[in-house]
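See below for the structure under consideration.
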Amino acid sequence: MNPAHLLILAAVCVSPLGASSNRPMPLNLYQFKNMVQCTVPNRSWWDFADYGCYCGRGGSGTPVDDLDRCCQVHDNCYGEAEKISRCWPYFKTYSYECSQGTLTCKGGNNACAAAVCDCDRLAAICFAGAPYNDNNYNIDLKARCQ
């Protein structure tokens, strides 16, 4: 790629990041957030971002409850999607629809997008069916997730 093009690309990508104090969210995680809000409208997305051993960054140990198990399954699903050539689940966008709490992954998604959409759809449905325990939010990972 031409060095001038790289410089322009870097400026376009970096300048919006410095304009905000909020860290940017990969596009797919934004879609996943919206899927969760579709199936669990009475809870904030952030309630799931630091829950148990698997909801949020990383994941290890035994899930603390059914909701945490949803996140473990979602992590594993992304791991399977990564086996598709050039598939990066955290950045792959897809087409889907939310209608009255029902999620549908639309046709026209390529293999990677279809897999990632299904991972997110199944996790959002799982979240809706699992009880939320406030005691499992922001837990001590070193003590409880070995």
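Any Cβ shown, glycine's included, is placed from N, Cα and C.
Since the structure is predicted, the reported quantities are computational estimates derived from the model, not experimental observations.
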Look at the disulfide annotations in Swiss-Prot and name the partner of CYS117 from this list: CYS98, CYS105, CYS145. CYS105
Of ASP65, ASP66, ASP75, ASP118, which does Swiss-Prot put in the Ca(2+) site with TYR54, GLY56, GLY58? ASP75
Check Swiss-Prot and name the cysteine among CYS13, CYS119, CYS126, CYS145 that pairs with CYS77 in a disulfide. CYS119
Neighbours of the Ca(2+) site TYR54, GLY56, GLY58, ASP75: Cβ within 8 Å of the Cβ centroid, same chain, sequence order. CYS53, CYS55, ARG57, GLY59, SER60, CYS71, GLN72
What's the CA-CA gap between CYS71 (disulfide bond) and TYR54 (Ca(2+) binding site) in angstrom, rounded? 5
